[in-house]
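Taken from TrEMBL, the feature domain 'Apple' covers 79-159. Under the heading domain 'Protein kinase', TrEMBL lists 239-342. The transmembrane segment annotation in TrEMBL covers 173-192.
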Amino acid sequence: QTLSERQRYTWSPETQTWKPFAVQPDGNCDKYGLCGPNGNCADELPACQCLTGFRPKWLERWNSSDWSDGCIHSKPLNCQSGDGFIRIGKVKAPDSANSWVNKTINLKECRAKCLRNCSCMAFTNLFVTKGGSGCVMWFDVLLDIKHQSDGQDLYIRVSASEAERKKKAKVKLAIILATVIAALLGFLLLVYHLRRSRRKLKDEVEDNNLNDEEDKDENEDMDVAVFEFGTIAQATDSFSFMNKLGQGGFGPVYKGTLANGQEIAVKRLSKSSGQGPNEFKNEVKLIAKLQHRNLVRLLGCCIHGDERMLVYEYMPNRSLDKFIFGMKVIRNLSMLSLLLLQ
């Protein structure tokens, strides 16, 4: 025994002694044919594995690291009904003693030629550069196959059912991977959508809070009450036609009754007036300051979206024409005042 080898022993009942049965080099695959026919050697423990689609010829010996008998097909070949091939990657090509070479045919033609020859057990490209070219075929047993990182693909002959099982396994794996990737992408899209929706909602809440604060600050400067839209809608029975007092140049007028019983007249300004909130508030302030004994008293206003409404006390003895006329005069005065202030 040398320093570069490891000797394995087995107990012999006949001689009642330990009998050496295998010498394994430290480099594992440095020994020619270590894994026997149809075995695949790798620099790891255990050093030998059967090729895909093969099983140990003698399982007990194989499990005792006696790999010399090698492997046989898991399912018998049937050349007449058609066999198949399984690709094994990154291996050193088998011993070339029983091989055949053709430099002119491609891999597809090589496969067809091997499949027609029942003794052909494997094939691959002769040259691996530039996409591969040429053809090499091996006959009978495959010996001295080794796994190596810079190895090439080898196509091994197996039964049709074994090849189909391998193909289905690849398809199943591809489906599983595609499903996992799709689920992951869906989850990421959901997280993105939720985070975006949450951020949008947060921004809207902050904007609403800011607008509410601004409206609150501005409404505190108003000289009249600011009514909520719901209060006016409830008072006028949702601006019912039965409560409509008339139609003026700037919009309809409705009679309403507040929750405390006070009767009001609501001037619902036309949405086409083009006034913004600030312009309307300035006009309300000016109207509130220009109160006159011949005009009905302004109680307040309402701003809701693009709605602009003026709320007056209801005077049953005042004519609607005077009411409308008084509104036109004040609106003209307010517009003149706004122009003078600019």
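Backbone N, Cα and C define each Cβ position, glycine as well.
Within the model, the domain 'Apple' (79-159) shows a mean pLDDT value of 90, rounded to a whole number.
Helix, strand and coil counts from DSSP across the domain 'Apple' (79-159) read 16 helix, 37 strand, 28 coil.
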